[in-house]
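What TrEMBL says about this protein:
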- 35-54: transmembrane segment (TRANSMEM)
- 66-89: transmembrane segment (TRANSMEM)
- 101-119: transmembrane segment (TRANSMEM)
- 157-178: transmembrane segment (TRANSMEM)
- 185-204: transmembrane segment (TRANSMEM)
- 224-244: transmembrane segment (TRANSMEM)
- 256-280: transmembrane segment (TRANSMEM)
- 300-319: transmembrane segment (TRANSMEM)
- 354-372: transmembrane segment (TRANSMEM)
- 384-403: transmembrane segment (TRANSMEM)
- 415-434: transmembrane segment (TRANSMEM)
- 441-461: transmembrane segment (TRANSMEM)
Amino acid sequence: MVKKKYLSIRRMSQTESKDNIIIHENEGVPLKRRLGFVSGVALIVGTIIGSGIFVSPKGVLTNTGSVGLCLIVWCICGVVSLAAALVYAELGTLIPLSGSDFSYMLKAFGSFPAFMYTWTQLFIYPGAQVIKGLTVAQYLGKAVFDDCGPTDATLKLIAAVVVLTSGITNCISVRLAASVQIIFTILKLIGLATIIGGGILMLSRGTVGSLPTGLEGSVDNPTSIATAIYSGLWAFGGWNQLNFVTEELKNPRRNLPLCIITSVLLVLVVYLMVNVSYFTVLTKEEFVSSWAVAATWAEYVLPGAVVIIPITVACSVYGSMNGSGLIVGRILFATARVQLFPECLSYLNVNTNIPVPSTMLISILAFALIMPSDIRSLLNMLEFLKWFFYGLGMIAHIVLRYRMKDVDRPLKVPIVVSVVVLAFSIYLVVAPFLEPVKIEFWYAVGFLVLGAILYVPFAFFKLGLPGMDYINTFVQMMTQSAPPQEIAI
């Protein structure tokens, strides 16, 4: 077994360190800074552009009722995501520690909200990986199998293999995961450029599809609009991914905000152009009835190469899954490092400096969710939980602006931005309960209640389960890991 050694990090004055931390070397397993600007942009863009732009358009149109309102919702989702991303860019440079929301909430509010955030991630990220794995399986199935397609069991088997390969990649090497991310980001951008180019070509030929219908058929139900926004925001999910690996990013004070702003603006422009391309070719009825909008679009524009679109989509979604897999283990790692989760989840592999135990746990939980999964219900639950905590993140920004007012900030976002995003998140959390509530939202509330109950004995009173010392030893030996640096936030 690797001998335990701990490394301490203490707060410093501005003259001591740009990153506000000092690391006493040779006393433990540190995190290494291996991600640069290109890798950072690839991580964010590659994670954002995944299943969302291929799964969400149908949900956005169905719940808005019109082409015009659909495009407006996409713009709203992009602007809100950019505003929230700017706030998180400031928080990430203010508290340059891995774990994103967990670290910010721990500093602003204490252990309970921070614990609850990580507790929800035990469902959110495995659930997101399941959605992406099933999407990859569905599109690969359309490319490989005949018109009847694969069986449900076959789809879930393919999804399980996809989840497994992504987990293995992210356990082996950060450089390998970053390289895979860059490759798949390039592939997906080429695929989306093809869709955009096809739309421009069709417009030049006078084909306008459903674009002239404008706002015809728009809904005015707040719950339906909120559901549409959930679908759109799912497609933008990932704008805060780089915050989870801040301690592994080179020059985070410069690269973190620059990567976030560049990535979100790029994605917003791409998404709007892709949706316009869809509407240029398809009617609203074809759009809503399609099993996959991109594939239906390809049947009209690229009939001789229609198989390319499913393969492109599969590559795109896999890249997003790989990006999520790279960062998700860091949430559990950051929580366990301050003793709010089991100690073994904080261990870092002594050769790769990767939190292998926590990364493996997410893959295991994703496996458990594959069999009973329903994509639409999972999506609603995940977005509800995510925006509940994004709202808390906005409050944390306001609190820390005054609590840490003398700390140097390379980026200072106006408080009004946080207030607007907070109001938006409150709407998203409350709106589903204004009409007959779908069962998945009650499941989400129940999950929060269960987490609050578990916090009392295991996090507040620090009670351990019987045999945890043996489990920690076993995990340490099996994953060749050791305890990480101690930190003081």
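Cβ coordinates come from backbone N, Cα and C, glycine included.
Automatic, uncurated: that is what TrEMBL annotation is.
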For the transmembrane segment (256-280): best-contacting stretch of 101-119, 185-204, 354-372, 415-434, by Cβ pairs under 8 Å: 185-204
The transmembrane segment (185-204) versus listed stretches 35-54, 101-119, 224-244, 415-434, 441-461: most Cβ pairs under 8 Å: 35-54
Distal contacts, the transmembrane segment (415-434) - CB-CB under 8 A, six or more residues away: 80, 83-84, 86-87, 222-223, 225-227, 229-230, 233, 380, 383-384, 387-388, 390-391, 394-395, 397-398, 401, 441
Of 101-119, 157-178, 224-244, whichever stretch has the most CB pairs under 8 A to the transmembrane segment (35-54): 224-244
